[in-house]
Amino acid sequence: MPHNSYPLLHTINDPADLRLVPRAQLGALADELRAYLLHSVAKTGGHLSSNLGTVELTVALHYVFNTPHDRVVWDVGHQTYPHKILTGRRERMATLRQLGGLSGFPQRGESEYDDFGTAHSSTSISAALGMALAAKIRGEERYAIAVIGDGALTAGMAFEALNNAGVADCNLLVILNDNDMSISPPVGALNRHLAKLMSGQFYAAAKNVGKTVLKGAPPLFELAKRLEESAKGMVVPATLFEKFGFNYIGPIDGHDLDALIPTLENIKHLKGPQFLHVVTKKGQGYKLAEADPVAYHGPGKFDPAVGLQAPATSPKQTFTQVFGQWLCDMAAVDPRLVGITPAMREGSGMVEFEQRFPQRFFDVGIAEQHAVTFAAGLACEGLKPVVAIYSTFLQRGYDQLIHDVAIQNLPVVFALDRAGLVGADGATHAGAYDIPFLRCIPNVSVACPADENECRQLLSTAFAQNHPVAVRYPRGAGAGTVVQAGLEALPFGQGEIRRAGSSVAILAFGTLLHPALQVAEKLNVTVVNMRWVKPLDVALLLQVAADHDALVTVEEGAIMGGAGSAVLEALQAAGVLKPVLQLGLRDEFIEHGDPAKLLALQGLDAAGIQASITKRFAALLVPGRLALKAVA
């Protein structure tokens, strides 16, 4: 982008440069930053609405605080593009979320200004508290700041941290970025004046001295306390956060630098835990995003002058769409079905379900632990809960999955979206670990559909069971298999031989069946669609093992403890010795990039699978040699 389009912004290579900008020019700088951000994301795709809403707050934080000496932890982290632009990564924004490029989230290894890696929500206060107390222990004068959205504040972990932080006696600032106006709007000039007053040292000192004096006269102290709360209640929310031990300031307009900067400058000189409530608007400064922040939450490439266009109709359904349609169809015939999502209504494909069955739809917010136990309670009373959740987010409810669902053997269906590689969101969102962490839990079954139609059928199979079942499926579309309209279920715990071939057999778990079939055409090997990791189809496995000289397992999940490990365990238990090649996601965190490229780098595309089999079992791949029993 030409420098003359952003004359101020192009002088900023780090926050030290930002602090040299006259305050009167910061508004113009924020305008340039917002325009640069909009046009940059329009070329790469990425999170937009949330970033447009944090421009002024980001400018103010880096202007007032001495970053990176002072620490800033951004909750969730998808709102950090302005932060990246101001901290030396402006020219790399063209590589955003691409293989080898900038992450869409903060990463400690990417910049010294990324103090803590985030992507899952509600972790910022805990991390910032740790940093603040570390500074206190080491005798270092610095502030630790957590920036958290009102949505992330619905998670229990955030309140656990607030409860701990309020009595920690350290320099911690929690900034509530209220971008849904779900708590309270700002109330004009009076509120701005009050925020400045409440963040001042005189107010803080007077309040503390007054409380100390009045504690000698309890009735007077309680009266003064109630009067203070009542006075604040006229212009600010109830003093919930002061109950945690914080000095509450706000709410103030998060797009008003003349309010933000003086307030932050006052806070910088205060001791102890501070809580600043700022109100921002998602999509701020771009009318189309302001009007529809959900649509512009994470758009692909688009023309800012035109806006998002209606996507071309794809001949392929996504797995998410298949799930959403199945959910509605099953709910129409079974009144026991209830749907639960932890703040992922759109992403999990539940919009139509909410519209058609509003009394049976529950969005519990960013509260995965609660979602799982809530489902358990519903199941106890004879309902059939379906929890639609991304694979990576089920990790956050693992204890509840074991303690509240599995031990009681309750019939909860977990529809695990985004299983396997997720592409641009990177390691934090990869659904790599669900097979290992689910298959080790007694009573829990795990299904891996190979295509869209099988996904629908296995969801029906899962729903028919009287115990917990997880059905894992990837992001995006599959092979383009036509999805049947019925609700027929596949046999529980049974796989199938899809192709008979030579003395090597590929055992495919999930959508990697399709590259396995491509390999089979070239190497003339057998391909088995296993469908279930647990219960494993041991009878089929032992039959295939008896008919072949070697086995290959393929899965889009962590290889350690995964489906391949289940095969090895079953063979060992049966006393069968057979060479087994395990192919899956390696023991490493896989960063962001194009999913197809990432799969190839893991050796899990057709070419990679073929190369691995050829290298390991070349002597067995004799043309024309057949496993006769498999053919029969």
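Just so you know, glycine gets a Cβ as well, placed from its N, Cα and C.
If you look up Swiss-Prot, you'll see H78, A119, H120, S121, G151, A152, N179, Y286, E368 marked as thiamine diphosphate binding site. Per Swiss-Prot, the feature Mg(2+) binding site maps to D150, N179.
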Residue among binding-site residues D150, E368 with least C-beta crowding, 10 angstrom cut-off: D150
Farthest-apart CA atoms of H78, A119, H120, S121, G151, A152, N179, Y286, E368, residues recorded for thiamine diphosphate, distance in Å: 32
Candidate binding-site residues H78, H120, N179, E368, pick with smallest Cα gap to D150 (Mg(2+) binding site): N179
Which same-chain residues, if any, lie at least 6 apart from N179 (thiamine diphosphate binding site) yet have Cβ under 8 Å of it: S50, G53, G149, D150, G254, V279, T280, K281, K282
Cβ atoms near H120 (thiamine diphosphate binding site) (within 10 Å, other residues, all chains): 22
For H78 (thiamine diphosphate binding site): intrachain residues, at least 6 apart, with Cβ closer than 8 Å: H47, S50, N51, G104, F105, A119, G298
Cβ neighbours of G151 (thiamine diphosphate binding site) where a neighbour is any other Cβ within 10 Å: 20
Assigned conformation of E368 (thiamine diphosphate binding site) - DSSP reduced to three states: helix
DSSP three-state assignment for H78 (thiamine diphosphate binding site): coil
Assigned element (helix, strand, coil) containing D150 (Mg(2+) binding site), judged by DSSP: coil
